[in-house]
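S.K.: Starting off with a structure, shown below.
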Amino acid sequence: MDLVTIIAEIAAHMGTRDHRGRVANYIPELAKVDPARFGIAVVTVDGRMITAGDADEPFSIQSISKVFALTLALGKVGDQLWDRVGREPSGNAFNSITQLEHEQGIPRNPFINAGAIVVADVNLGGHQPRVAIGEMLRFVRYLAGDDAIAINEAVAASETATGHRNMALAHYMRAFGNVRHPVDLVLGSYFHQCAIEMSCRQLALAGRYLMLDGRHPDGGRVVSPRRARRINALMLTCGHYDASGDFAFRVGIPGKSGVGGGILAIVPGVAAVAVWSPGLNDNGNSYLGTLALEELARRTGWSVFSPPDP
Ligand SMILES: NC(=O)CC[C@H](N)C(=O)O
């Protein structure tokens, strides 16, 4: 069966589901999003784009931004980043603080909030948040080839007003010396990166460098092949927090979720996929987005644990 039919059928199946998970409400602005939405976009290695549902509706990318932020930080400090952030799954919730006490303020990986705050600290350098935010926005626009990508200021303000856990994480790591800039500046930058809005189409396009071994489709190099493989490896092992094992088991594709309900999934050498459905499961990952990717991987054989097509 061809991919266009598979994607259309997945969107149709998701439309009939009664159970759709629960929309995140700890960021008040995100609680307003309609749980009935579902979108999917697949861009293949030969440049075909296939979409279904609300694939052109912008949504809050939230933690998916951690992939782009990690890419930028590795570009700035290279492997020295790993002195300050680990590379192991945490087995804890995305916003957990518990391991930091025993592990000297070194977060387990760059995709839990604590790790992403350290990455934001690196990306801030000695600058004002607007410089780091501008750099991030230019980067995702370049990756997606789309200058319309923007930040939703209301979402950033909503999280700034309520993000006490992230403030606690940042202050705690600052006490260990692993956050080096003023916490309000680091979080100002972090909350804005999370508040970037993209559609499934834009997100899939932005993910192409990770399916292309680090190359931009225009021929430029975003990261080395080794770095692209490593980012994909981290997405597989840590991209869904304490449900990363379950995601690998069910879907078998490197993926990064966000509490806005989006998931970016990379099939190296084959496709970049973005799905969006705002209702979340208990681990804070898109409920229908995960189901959709599970069906996609099953029907296409795209699990990275399957033998490649002959
Ligand atoms: N899992 C997520 O998407 C979390 C991102 C959110 N901005 C937070 O820091 O809580």
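Cβ from N, Cα, C; glycine included.
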S.K.: Of the candidates Tyr142, Tyr172, Tyr190, which does TrEMBL annotate as part of the substrate site that also includes Ser63, Asn113, Glu159, Asn166, Tyr241, Val259?
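M.R.: Answer, per TrEMBL (substrate site with Ser63, Asn113, Glu159, Asn166, Tyr241, Val259), from Tyr142, Tyr172, Tyr190: Tyr190.
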S.K.: For the substrate site made of Ser63, Asn113, Glu159, Asn166, Tyr190, Tyr241, Val259, how many Å separate the two farthest Cα atoms?
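M.R.: Pairwise Cα check on Ser63, Asn113, Glu159, Asn166, Tyr190, Tyr241, Val259 gives a maximum of 20 Å.
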S.K.: With a 10 Å radius around each C-beta, find which of these binding-site residues (Tyr190, Tyr241) has the fewest other C-beta atoms nearby.
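M.R.: Counting other Cβ atoms within 10 Å of each of the binding-site residues Tyr190, Tyr241, the minimum falls on Tyr241.
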S.K.: Relative to the Cβ position of Val259 (substrate binding site), how many further Cβ atoms are located within 10 Å?
M.R.: 24
S.K.: List the residues of the same chain that sit at least 6 positions away from Glu159 (substrate binding site) in sequence and have their Cβ under 8 Å from its Cβ, in sequence order, or write 'none'.
M.R.: Ile27, Glu29, Asn166, Phe191, Cys194, Ala195
S.K.: Could you say whether, by DSSP, Asn166 (substrate binding site) belongs to a helix, a strand or a coil region?
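M.R.: In the DSSP reduction, Asn166 (substrate binding site) maps to helix.
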S.K.: Going along the chain, which residues six or more apart from Ser63 (substrate binding site) have their CB under 8 A from its CB?
M.R.: Phe94, Phe111, Asn113, Ala116, Cys194, Lys256, Ser257, Gly258, Val259
S.K.: Under DSSP, is Glu159 (substrate binding site) helix, strand or coil?
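M.R.: Note: Glu159 (substrate binding site) is helical by DSSP.
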